[in-house]
Amino acid sequence: MYECSKCVISPNWSVWSLGDGQPPEEIEKQIDTPPLSILLIEKPQSGSINVAFIQQNHLLYCLKGGDITFTAKVEAKDLLRKPTIKWFKGKWMDLASKTGKHLQLKESFDRFTKIHTFEMHIIKAKENYAGNYRCEVTYKDKFDSCSFDLEVKGLFSDSTRQTHNQKHQYYRSKQSMILNEIDQNTTTEKIAFMYGITDLRGLLRRLKKTKKEEKKSEAFAKRLEPAYQVDKGGKIRLVVDLADPTVELKWYKNGQEIRPTPKYIFEHKGTQRIMVINNCQINDDAAYSVSAGEEKCTTELFVKELPVNIVKHLEPVKTTVNERIELECEVSEEGAKVKWYVPTGVRSRYRVKSEGTKHWLIIDDATKDDTGTYSLMATGGTTEAKVQVERTIILLFEMLLGQPLKLNCEIYPGNIPGRWYKNGQLIQPSERLTIIHRTKNHSLDIESSTIHDAGDYTFVPEGYTQTLSAKVHIIDPPRVHLEALNVQDNTVVIVAGNKLRLEIPISGEPAPRVVWMKGERVILDSGNRVRAETFADHTCLTIDIAEREDTGNYKIVLQNEAGEDTASVKIKVVDIPDAPEAPLVTDVGGDWCTMTWEPPRYDGGSPILGYFIERKKKQSSRWMRLNFDLCKETTFEPKKMIEGVPYEVRIFAVNAIGVSKPSEPSKPFLPLAVTSEPTMLVVDDVTDTTVTMKWRPPDTIGAAGLDGYQVEYCIEGTDEWILANKELIEKTRYTITGLPVEAKLLVRVKAINAAGASPPRTTQHSILVKEVIEPPKIRIPRHLKQTFIRKVGEVVNLVVPFVGKPRPKVNWLKEGQPIDQTINIRNSDCDSIMFIRKAERKHSGKYELSVQVENHIDTATLDIQIVDLPGPPQAVKIEEVWGNNVALDWNPPKDNGNAPIIGYTIQKADKKTMEWYTCIEHYHRTCITISDLVVGNEYFFRIYSENMVGLSESATATKDSALIVKEGLQLKIPEYNDRDFTEPPIFTQPLINTFAVAGYNATLNCSVRANPRPKVIWMKNKITIIDDPRYRMFSNQGVCTLEIRKPCPFDGGVYTCKAVNDLGEAQVDCKLEVCEKSWT
């Protein structure tokens, strides 16, 4: 439920307003009711400033204004950060940009009261500072605002006041005299100097009121209307008509650009541009403008609120003095602004509240003066009700606690029943309370009175409006009610630095005198930090900032006419614990460590609940929290650290009060991890006394690196692991020697680094120390499965792997015969190597490799081909010579170099110079015709043969030469006339009207014929296209092309291609239309 805080009361008839208006000057103060605000706990109040004026040269000048401060306060108990505040003047002027000499904005925060204070200082105010101001506060989804007024009052001296009217007459006459001159294009400064006018602003304001001839707009064919009006919740259309539909259009609201949203919808209809505003609200009441290029037109939108009707009218009330009056009314709209009208009365006695559509006027203790007519006015109607308050006669009885109480009254005529009430509640007879009615006597008897029997007693006769009242006052000895504290052993615990307000209920009639004491020292109510206060039903001890020295016993002494009572309260001030000692890191892993620490020496008066742990890199200054749940123990294991990076850790102790200061950082430590276990541990070889193992390095090595491996074995039947290598080995293969024959054993390998040994990798099954026969198998490499070709003189190195156990016997044969001694053979347990240091052609052939283990044998054949350069061709001769052609013929070479002939190279040489020139290369046939020889020259020819190695070292030349004989020819030169090929430009293919799709490239094509070559010019709408990146122009063999990159509707128009040379010019036109993309 919210109650209105903007309701005020004026003499005779007062108005309570729920609107933004301010009370008139004669109103004394506002009603003290709960605020409607959700953020502001203190709002800026309206004020006024006096401004002094002086007269000089028949004009008034503002000499000096006063200062004023407006204050707004926001309570920050439930806020996580500072709220945002803005100050405005009028509707939209943000004062944050106007700060300076005369305007200052300040803010502060009180950490004890948790209140933000925002102030706006106006210094040496001027006359134009008057007006309505607004303060807006925002925090996340919460919003609050408040309006207030500033009134500027002028103070005139006697001489100034007498000539004030004369000044205006003189000034206005001066302005009217120069209006005509201004129309003659005379500058305002010159006219003002001529007539002694110094107030140019006033002169310009009057000029604005003169009618001006509006210039015809180049962008708008039809502007916005001066103003629009729409009902609240309705829809409005703002329409402008553009003279140029291609101009860019933007809409603005109060100077801010409007983007398309479901509320703001933009429409295009021909040259009309329409903005539709849906669901208009009060905040849509603003100034709107639309800009087209450099021109702008504006309008004002007024949102009209619907009238607020009264749904439930006020009802008349008839009551007695001191009763509660509540007038209720219901309207048609939630949060509507209404006005209350009340008779003259004390304003602080009235309260107004509202909830939804309901509004109440409340008077807690009615008096005779509250009688009158009350009314409520809304925009859609008025309702009123009469309130009548009658007086009652009250008798006062004062009784001692425990004494009998007897109330009697006589009613005439007799035998009229009635009822007894206490504080408005009907009294029922009980064992200690008796109600007697005898004829005209009515009595109420209480055997032993208690403090609860005090109150207002009323007797109401049936059938009569008149009542009888009496007030009973019970005198009670003082008493301190410590049980209301609800604390164990009357001990109150307070956190150091916090504020303690200890309220203890007390009783006693009359009100007792209270004295607080700590030891022999009396605590006064005027103390600064520690003070005692006493109220009607309780006493209060306040300690603003609790300290450890405030711990102790506090004594309360109560005294009144009925007696005395004392009580004691113990106050215990607790604090956060001291910082623990620096932690000790006891163990370090790859990404973890183990740390321990001792509890703090002082726990702050409250048990330690746990600890927070933080860590950071040594070179960094940023600490990171490691646990969000308290660590109950004094040990912790941080994890997820980077290996090889030094770290530091520290501790925070936590008790019920809070978190201590951090401990000193630990000594820096470096996380290092052992490697992961070696991988793929397998048996490589087994003999009668040895076992050879091989493995791969660990998958994860880490920052500590890898120093080597350690191999251990365990004979089956024992638990002892024997170290096989005394020193670390770096290789991933090791042979364990000296093993007993046919023993079974397990082998494991560990990777060793600076952090220690890794987890071992152990063989899955036991290994029998006994050599096993394995049939031989030759594994021929892929490149040896086909003919192995090498050139003469190159090195031949063939490695043929095989398997077999025990070590196989290896034998090489060449075509069934032992191999040449120039071929070196080297055999090992797993392969055989054939090595020829310098290959010769005799090494070519098929080689047979056999591998034998006992009775098992495996063979393989290798084909080796050693190639060399071929010999020259044979029998090269000239077969025929005719014209400038020569036919040659030859036979293949006798020696092809142990490789097929792949071609021939034919060369020719003039007999005079004998310089050889290549006619053709890689020729495959053995006959050829050489053409295009020079007539009169004599030629020799030679031929090289070629195989995969290269050309033969020598060539075979023809023995005879070929003479190209000259033949007698008579040349007759025909006669001809020169033809003139020059002509002006002529378009053989014109441009064609084209339709293009927006966003896709479009091309325009035409062809032109001219000599000399013409210059081609492209134009759009008669404007030459020059250096525009959106267009690309091509001209090839008389075909002219214009490419338009990703056109838009504005690229449509008439395009022209113009060709110009010295003999003339020609042009063709076409129309291009660009259509929007449509998706179907």
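The backbone N, Cα and C atoms fix where each Cβ goes, and this holds for glycine too.
The DSSP breakdown of the domain 'Ig-like' (307-388), given as helix, strand and coil counts, is 6 helix, 45 strand, 31 coil. Under the heading domain 'Ig-like', TrEMBL lists 307-388 (among others).
According to TrEMBL, the feature domain 'Ig-like' maps to 402-469 (among others).
Across the domain 'Ig-like' (478-572), DSSP helix (H, G, I), strand (E, B) and coil residues number 10 helix, 57 strand, 28 coil. Feature annotation from TrEMBL assigns domain 'Ig-like' to 478-572 (among others).
Model confidence over the domain 'Fibronectin type-III' (579-678) stands at 91, taken as the mean pLDDT rounded to a whole number. Summarising the annotation, TrEMBL assigns domain 'Fibronectin type-III' to 579-678 (among others).
Annotated domain 'Fibronectin type-III' per TrEMBL: 679-772 (among others), in sequence order.
The domain 'Ig-like' annotation in TrEMBL covers 776-863 (among others).
Among the features that TrEMBL reports, domain 'Fibronectin type-III' is placed at 872-968 (among others).
The annotation domain 'Ig-like' is assigned in TrEMBL to 984-1073 (among others).
Residues of the domain 'Fibronectin type-III' (579-678) grouped by DSSP class, helix first, strand second and coil last, total 0 helix, 35 strand, 65 coil.
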